[in-house]
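To start, the structure under review is shown below, and the notes come after it.
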Amino acid sequence: MGKGTGSFGKRRNKSHTLCVRCGRRSFHIQKSRCSACAYPAARKRTYNWSVKAIRRKTTGTGRMRYLRNVPRRFKTGFREGTEAKPRSKASASSA
C-alpha cells in the first residue's frame, strides 16, 4: 500500500491537539510544541513571509475585551472609583 488515497483510511491518531496560548489545533502532542505560535517558547512564532497570516491573527481581530476600553479610559487619565460632581441648578434650569 502506498501513501496515497488508500492509506488515508488507516489514519486514526491525532498528532495535534488544542494549544492553550493560541487556541488552534496546532499543538503537537509528542513534541509538546505548537506549530502555529511555538508555545511553550516565550516568543510568539511569526514570520514576515506570511503577511496574510499575521493580518488574520493580529490585535483587533478578536474580542479585545480589555484593549477596546483603553482609549476611552486614557482620556480621563485612568481615574477609577470617583463619582461625578452634582451639577448646579443654574446650569440645569438653562438647559
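Glycine too: its Cβ is placed from the backbone N, Cα and C atoms.
The Zn(2+) binding site annotation in Swiss-Prot covers C19, C22, C34, C37 and is backed by similarity to another entry. Under the three-state DSSP scheme, C19 (Zn(2+) binding site) falls in the coil class.
Swiss-Prot lists 77-86 with the feature compositional bias 'Basic and acidic residues'.
Annotation comment: Swiss-Prot describes 73-95 as region 'Disordered'.
What Swiss-Prot lists as zinc finger is 19-37. Computed over the zinc finger (19-37), the whole-number mean pLDDT of the model equals 97.
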> Which sequence positions outside the zinc finger (19-37), separated from its termini by at least 6 residues, show Cβ-Cβ distances below 8 Å to it?
Replying inline: 44-45, 57
> Per residue, counting other C-beta atoms within 10 angstroms of the C-beta, which of the binding-site residues C19, C34, C37 reaches the highest number?
Replying inline: C34
> Which ones in the same chain are close to C22 (Zn(2+) binding site), with CB under 8 Å and 6+ residues apart in sequence?
Replying inline: C34, A36, C37, Y39, K57
> Whose Cβ lies within 8 Å of the mean position of the Cβ atoms of C19, C22, C34, C37, the Zn(2+) site, other than those residues?
Replying inline: V20, R21, G23, R24, S26, F27, S35, A36, A38, Y39, R45
